[in-house]
Amino acid sequence: MFKNAFANLQKVGKSLMLPVSVLPIAGILLGVGSANFSWLPAVVSHVMAEAGGSVFANMPLIFAIGVALGFTNNDGVSALAAVVAYGIMVKTMAVVAPLVLHLPAEEIAAKHLADTGVLGGIISGAIAAYMFNRFYRIKLPEYLGFFAGKRFVPIISGLAAIFTGVVLSFVWPPIGTAIQAFSQWAAYQNPVVAFGIYGFIERCLVPFGLHHIWNVPFQMQIGEYTNAAGQVFHGDIPRYMAGDPTAGMLSGGFLFKMYGLPAAAIAIWHSAKPENRAKVGGIMISAALTSFLTGITEPIEFSFMFVAPILYIIHAILAGLAFPICILLGMRDGTSFSHGLIDFIVLSGNSSKLWLFPIVGAGYAIVYYTVFRVLIKALDLKTPGREDTTDDAKAGATSEMAPALVAAFGGKENITNLDACITRLRVSVADVAKVDQAGLKKLGAAGVVVAGSGVQAIFGTKSDNLKTEMDEYIRNS
């Protein structure tokens, strides 16, 4: 049971990355357009704001498509089914909810009693994915043959969405009310506590690749803002981009991604044995620059996550504290993908106290460096370059690595599902015992996570290319 649950959660996490991948361009368009820069013509700002806003306004539908594709090996029919399911589900609720609640449609809309948001998109995507996997090979009588196979999937998904819409009309109002109450508490009443908890748990979920699921309600659901054009935005990211002065609570990520973790990487480099210092320095400096520029932290985190768990626990606590610090000091900046220098500069149009970030960030860097340096030495932690024995990595070009990677996962017969997100290969296997974890690390994996039948190997931003090469190798071998 646990094996299947973790494997499915892995797929959910991966499927959510597709909708998230559109945030950078949408965020830049909306953020820059809403900032009304004096050097940008008004018509250009308006076009950019409307273009970016259209993406955020359709995020539930985009999430529906992403979830459907994530569970069906990117089959386009499931995406069509998700669109059909979402549209039908929403319209069904619009008709049934007033009858169930005995309230006018206007009041239901004002109280968001039938507004499922991105969660409704995820539900619709799950319906489409289930129906696709269940019916894509269905055979019908000859006179209905045109509707057999994959053509049947959007039809049955739409019918299932009607039933789902009716059920949600009964069960969603109390759920929606609870979500709305949490949203108000987190966004307006006690954001210091809410985002402190968010930051700590988010880092705790990184080892399992499940942090994308935890991010969704905070990034895309909490809070509400209506701009001058009447567009309504939910979630901290869309609200900030649209110009909401109360948004930007996710700014704490800049402190530990741009300053804290790069300092930790330098501490690991300085703590390596003299004979390994040059090699470790190259790896750590590269990882530090990646974190500073793009906010991608896994190459650093997985270098100490398993060999020195105490360091990761402290890191998670410091990451959690970064968010309340920024909120209490009134520091606000925008993020679309992750908290790196690119986001920091490009999305600064609606920011507050931007000058404080490098000052507080320098303090965070000192704390990280000191804690890591002292504990590594005092506890003799086996961080990179301090191991008793070292193996040279055999990593090469992605096309050259594919056969070795397939072999390390136990061979193509052992691989039941192959996927990748931004920084890790996500592989489901028939027999975990056949997976060569040491071999994966020799090939360049920063870490390997095994839970149930799911295996994650962290190869950084080249993971998706590795997945493509492995797919091609498996098909042609």
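Cβ atoms here come from the backbone N, Cα and C positions, even for glycine.
Under the DSSP three-state reduction, C421 (active site, phosphocysteine intermediate) is assigned to coil, being neither helix nor strand. In the structure as shown, the Cβ atom of C421 (active site, phosphocysteine intermediate) sits within 10 Å of 24 other Cβ atoms. Taken from Swiss-Prot, the feature active site, phosphocysteine intermediate applies to C421, supported by similarity to another entry.
The annotation domain 'PTS EIIC type-1' is assigned in Swiss-Prot to 1-388.
Annotation source Swiss-Prot lists phosphocysteine at C421, citing similarity to another entry.
Each residue of the topological domain 'Periplasmic' (36-50) gets a DSSP state, and the totals for helix, strand and coil are 9 helix, 0 strand, 6 coil. Annotation comment: Swiss-Prot describes 36-50 (among others) as topological domain 'Periplasmic'.
If one looks beyond the topological domain 'Periplasmic' (101-111) by at least 6 residues along the same chain, the residues whose Cβ comes under 8 Å of a Cβ in the stretch are 94, 169, 173, 177, 180. For 101-111 (among others), the entry in Swiss-Prot reads topological domain 'Periplasmic', with the evidence type sequence analysis.
Across the topological domain 'Periplasmic' (173-190), the model assigns an average pLDDT of 89. If you look up Swiss-Prot, you'll see 173-190 (among others) marked as topological domain 'Periplasmic', on the strength of sequence analysis.
The topological domain 'Periplasmic' annotation in Swiss-Prot covers 270-279 (among others) and rests on sequence analysis.
Per Swiss-Prot, topological domain 'Periplasmic' is recorded for 331-355 (among others). Remote same-chain residues near the topological domain 'Periplasmic' (331-355) are listed as 20-21, 23-24, 26-28, 31-32, 34-35, 37, 237, 240-241, 243, 245, 247-248, 250-251, 253-254, 257-258, 291-297, 325 (criterion: CB distance under 8 Å, separation of at least six residues from the stretch ends).
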Using DSSP, what's the helix, strand and coil tally for the topological domain 'Periplasmic' (101-111)?
7 helix, 0 strand, 4 coil
